[in-house]
Amino acid sequence: MNPKKNNNTFLSYFVCLFLLLEVGLGQNQISEIKVGVVLDLNTTFSKICLTSINLALSDFYKDHPNYRTRLALHVRDSMKDTVQASAAALDLIQNEQVSAIIGPIDSMQAKFMIKLANKTQVPTISFSATSPLLTSIKSDYFVRGTIDDSYQVKAIAAIFESFGWRSVVAIYVDNELGEGIMPYLFDALQDVQVDRSVIPSEANDDQILKELYKLMTRQTRVFVVHMASRLASRIFEKATEIGMMEEGYVWLMTNGMTHMMRHIHHGRSLNTIDGVLGVRSHVPKSKGLEDFRLRWKRNFKKENPWLRDDLSIFGLWAYDSTTALAMAVEKTNISSFPYNNASGSSNNMTDLGTLHVSRYGPSLLEALSEIRFNGLAGRFNLIDRQLESPKFEIINFVGNEERIVGFWTPSNGLVNVNSNKTTSFTGERFGPLIWPGKSTIVPKGWEIPTNGKKIKVGVPVKKGFFNFVEVITDPITNITTPKGYAIDIFEAALKKLPYSVIPQYYRFESPDDDYDDLVYKVDNGTLDAVVGDVTITAYRSLYADFTLPYTESGVSMMVPVRDNENKNTWVFLKPWGLDLWVTTACFFVLIGFVVWLFEHRVNTDFRGPPHHQIGTSFWFSFSTMVFAHREKVVSNLARFVVVVWCFVVLVLTQSYTANLTSFLTVQRFQPAAINVKDLIKNGDYVGYQHGAFVKDFLIKEGFNVSKLKPFGSSEECHALLSNGSISAAFDEVAYLRAILSQYCSKYAIVEPTFKTAGFGFAFPRNSPLTGDVSKAILNVTQGDEMQHIENKWFMKQNDCPDPKTALSSNRLSLRSFWGLFLIAGIASFLALLIFVFLFLYENRHTLCDDSEDSIWRKLTSLFRNFDEKDIKSHTFKSSAVHHVSSPMTQYIPSPSTLQIAPRPHSPSQDRAFELRRVSFTPNEERLTTQTIHFEDEESDIECVVEQ
């Protein structure tokens, strides 16, 4: 064998083996990726989370040993300082060139780090910064691996809706953590009055007590607390000391506090939060979670042997966030040199002018956004770079227990703890709900302020109308004592309440008598109520809630009255309007014609010369007005029409008489003006009460501002009206009635009345006193006490006639009676149709004759038939008998009577005559008839012989 050849072969094998080893080593090479961690290392909270982060990496790479990347943690201490946290992040980016940052702990530290991450394109994932304010900072490189605080506000709103609480005080800390949730909470609780109570983040015990004592003086007893858990724990301790954890109070904690409250107490009793409700995100139970808790506890004890604490939800979020970051890094395949070189160089780690930009930041962010897995805290699914909204648990702290009393989900809302059906806490639930003070009764959410606190009631100072409200202030004691109609009703209503309310009155003076500023004081908390002649308006209701009105509502017009005794010459025409007069006259003519039509052939009263028939018809029709007609109606159709018409006439005459009486008596004193449009058209001056909303109302109605004159009292109004300065005074009905109680014979209230809401008492929005006082006002106004109060302040008014007694032009019009005329018209029309049908049927041979006569001749013949007597009518047959004298009379008739009568016209114009002979005997009346016909070309004579 050739030694040289063997050496070459050996060398070739060696080279191949070397290359294979290089390839294998290259394939198994592990890349170390630097990741920064910014925590407050001296806090237990950060130690808990750091243990979870280390365990997350250990578990992840233990489960995936073949992954080519490994996260190398570079931990920095933020020292509970925002500036230090930003400096730590800058150091990690500039000097360590980390690919991502985990942290910081709170939202305040995250605010600057987000901007830094956006500038350097380094993804920053936080598992504990929950403030919604961070979402408003425009940055694509901030990832929230925790729950946004705004997610829970709908669950809180559902609790309020379930219990019906109408007001709440939001107690929050004055930083990004507390302020971030407030806009969302206010929006969710739109139907609830939300007040604020801000606690400084570094508040001492005295500051906390001062704020709590201030809250005790309010009516609201429902509090929502949102702040760091340690500060909240101190607030609950002080609230317990001063008695704010007793029966009647409601305390509700937000998500982060509910999760952390047990950790803050470090195993101590939870008595300071006994009966408190809490909202927290739901963590599904799993075998993996229980296993992790055991391993976490062992590791935490090794790393921190002097601490005793439990795993919190934030530790779980830290674990899941770290796991998600490791998965995204592996998916991105980041190299060891992740940064592009910045222009310039500097050795200063805080030099902002030479910031490096991560090459793999966009890819890592995209990979992180696509990560989906079931984590220890629940489903890890990022939507817009933050965790999706989870299910929330409703927790009730009872002793040392945390009872789950319900759930809330985005899709189903509140869900009973024992079922999947939507429900409320007032229905079936898992165990009783315990409230502060060990009470099982749902608090109503408000109480009258304790410790003898009085409600501050504002009372307006008026220049007139003192019977409504008058304020008297003692110059020595400076004690304000109001009196008047409004004050008496208010105090009577307070006595009807099931609890004691002590009003403390404060006078309010306004140069322009405008009550809007007084209502504003209720809105800003200066006053607890406003009592007086305050009109309820839509604008004022934006700033306060009003009770039910305690006076008659409406704006009306008051004018002087004048005696019209000498101006009533034509007063008899006033009860009816022109349309009613014309319609009635037309119907009189119509009814007269219809009755004549029905009676002409069968009733001798309606026969004779034309002028006699016309006179009889009109006489009969108009005489029905006084039921004085003496003509007998024999036709059934005419009787039907007359009966209907008599009913119409009866109603018309009675209405006319009643209205005429009103015009001759009540309306003898007529108002000087009765129409608003006439006042505007004539340019008359009108008055209004100074400072009242009526001025704006009059301008809206069309009055010129220059034509408006104010008055401040009933005396001023009387002076303006009496001397002619104004033609009318506009004000609310209650004021006008007060004026009439003094001058009832001189003025009158004229319709129409424009609707308003009336006078009411103002309370803060959503105040529970509003509804209770409204109910009390109803009790007062419906009882005898109201009459006593009215007599006390408006005694003379009872002696005046009703000021609204039809002083407007109340003529009766056709609109009031068109139904009657419709009935009469239909009755006449139907009767006329029946008559025409019967007449045409009887004379059908005239119309249907086959002769060559023209239509006109046939109609003429038909008219002649109508004009003749209907011999077949029973009226004429009976008249022939009754015209003969009775046998008991002394009159002896002639032996016989011969009557020749023409028969109805035949189509051939033949004539027939009836010959009658009537004979009598002393003892009986006997009538015989014999018909004899004489026929020729000219006539056909019928001879009737009566024997």
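Note that Cβ sites are derived from N, Cα and C of the backbone, with glycine treated the same way.
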TODO: With reference to Swiss-Prot, specify whether Lys632 and Arg765 are located on the same side of the membrane.
DONE: no
- [ ] Can you dig through Swiss-Prot and tell me which residue of Asn7, Asn478 is labelled N-linked glycosylation site?
- [x] Asn478
Task: Asn118 (N-linked glycosylation site) versus Asn723 (N-linked glycosylation site) - Cα distance in angstrom - done: 80
Task: Secondary structure of Asn524 (N-linked glycosylation site) (DSSP, helix/strand/coil) - done: coil
- [ ] Rank 608-628, 633-653, 820-840 by Cβ pairs under 8 Å to the transmembrane segment (578-598) and hand me the top one.
- [x] 608-628
Open item on the list: Tell me which of the glycosylation sites Asn42, Asn524, Asn659, Asn779 ends up closest to Asn478 (N-linked glycosylation site) in space, Cα to Cα.
Closed with: Asn524
Task: Residues of the parent chain within Cβ reach of the transmembrane segment (608-628), under 8 Å, 6 or more residues beyond its termini - done: 588-589, 591-593, 595-596, 600, 642, 645-646, 649, 653
Task: Rounded inter-Cα distance in Å - Asn42 (N-linked glycosylation site), Asn659 (N-linked glycosylation site) - done: 96
Open item on the list: I want to verify one value. Collapsing DSSP to three states, which class is Asn118 (N-linked glycosylation site)?
Closed with: helix
Task: Cβ neighbours within the same chain of Asn118 (N-linked glycosylation site) - under 8 Å, at least six residues apart - done: Lys138, Ser139, Asp140, Tyr141, Phe142
